[in-house]
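The following feature annotations were taken from TrEMBL:
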ACT_SITE  HIS176  active site, proton acceptor
BINDING   GLY10, SER11, GLY12, MET13, ILE14, GLY15, ASP34, ASN96, ILE119, THR120, ASN121  NAD(+) binding site
BINDING   ARG83, ARG89, ASN121, ARG152  substrate binding site
DOMAIN    5-143  domain 'Lactate/malate dehydrogenase N-terminal'
DOMAIN    148-310  domain 'Lactate/malate dehydrogenase C-terminal'
Amino acid sequence: MARKKIALIGSGMIGGTLAHLAAKAEMGDVVLFDIAEGMPQGKALDLSQCGPIEGFDAKITGTNDYADIAGADVVIVTAGVPRKPGMSRDDLLGINLKVMKAVGEGIKNNAPDAFVICITNPLDAMVWALREFSGLPHNKVVGMAGVLDSARFATFLAWEFDTSVKDVNAFVLGGHGDTMVPVLSYSTINGIPVKDMAKIKGVDEARLDEIVDRTRKGGGEIVGLLGNGSAYYAPATSAIAMAKAYLGDQKRVLPCAAYLEGKYDVDGLYVGVPAVIGADGIEGVIEIDLSDEEKNNLQVSVDAVKELLEACKGLDESLK
Ligand code: APR
């Protein structure tokens, strides 16, 4: 059986990290695409030379030609610009929308059967626009945010409780912005509800609120520290988990920006929800019970996503 093919659109910080992780895990052959000439080819050469040391068999190539992504099984999109300190994800909208148009057409014409994972920000609007521009079915286009946001939440909870991260199951809903909704009621330490664990460990509610707030602003904290660019190790690792779930038909339940048609009272938007990822892409969305407060918080997040879509429609006639 031929190897799987993984195409990475955007070969910057996240794209390069994705290529390394995918090759190292022998997920398939990797194509790095970018508009910058020479850069994807150079990264591909550099990464290929990790093969003899790490002992992986994966062909890694770099290109500036969409024809080279033909037949890709998975396409992961990071093309666009990242944030600078002081910027919100939403400030990237104008530039990255144009990028999504070019990328959507490239995918439509060359890899229409792929499972497409979008990482470019502002995520919930960009994944929607990418789906519109590519015309692919909604179950084959998904946004990566929830896996990352949950991982941030889990990291902070594990630090607070002094437990292994392996035992933390942290739950985040909503858009990938400061309005995201970390849901404490569904977060556990190996089955022990976080609120119970907090009592056991003497952690008060104010401290839990601080952890929730740090999670919401987790990306911005890293942007501020890096000074030039945004997070890339954990975003790439998150998208790889989603790609593996698809390629291995794992039916994992992962939080991701999935297209909603009525669930959570949302219709026609991409919003972060728990979804099942298997060989058919997004095979289902799981609707959980939420408290009134959680519902209200989710609504604020959904409204923020709606506003971004309206802004997209204002910038590009074809999206109306
Ligand atoms: N087509 C293909 N690649 C493009 C295009 C385009 N039209 N426009 C820009 N790029 C490329 C850039 O040349 C660059 O190599 O996208 C790459 C982006 O890489 P970085 O600037 O290193 O950004 P990165 O940290 O990888 O983040 C990418 O993901 O998390 C989001 O907010 C982040 O939107 C940003 C994206």
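The backbone N, Cα and C atoms fix where each Cβ goes, glycine too.
All annotation found in TrEMBL is predicted automatically rather than curated by experts.
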Looking only at C-alpha atoms, tell me how far ARG152 (substrate binding site) is from HIS176 (active site, proton acceptor), rounded to the nearest Å.
12
Can you count helix, strand and coil residues in the domain 'Lactate/malate dehydrogenase N-terminal' (5-143) using DSSP?
67 helix, 25 strand, 47 coil
Filter the candidate list GLY10, GLY12, ILE119, ASN121, HIS176 of recorded positions, keeping only entries whose CB is under 6 Å from an atom of ligand 1.
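Only GLY10, GLY12, ILE119, ASN121 qualify.
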Give me the largest Cα to Cα distance among GLY10, SER11, GLY12, MET13, ILE14, GLY15, ASP34, ASN96, ILE119, THR120, ASN121, the residues the record lists as binding NAD(+), in Å as a whole number.
17
When the Cα of ILE14 (NAD(+) binding site) is compared with the Cα of each of the recorded positions ARG83, ARG89, HIS176, which one is closest?
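Result: the closest of the recorded positions to ILE14 (NAD(+) binding site) is ARG83.
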Counting every protein chain present, what is the number of Cβ atoms, excluding its own, within 10 Å of the Cβ of ARG83 (substrate binding site)?
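Within a 10 Å radius of the Cβ of ARG83 (substrate binding site) lie 22 other Cβ atoms.
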Measure from the Cβ of ARG89 (substrate binding site) and count the other Cβ atoms within 10 Å, all protein chains considered.
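Result for ARG89 (substrate binding site): 26 other Cβ atoms within 10 Å.
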Can you name the residues of this chain that are 6 or more positions from ILE119 (NAD(+) binding site) yet have a C-beta less than 8 Å from its C-beta?
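Once residues fewer than 6 apart are set aside, ILE119 (NAD(+) binding site) is near ILE14, ILE76, VAL77, THR78, GLY143, MET144, PRO235, ALA239.
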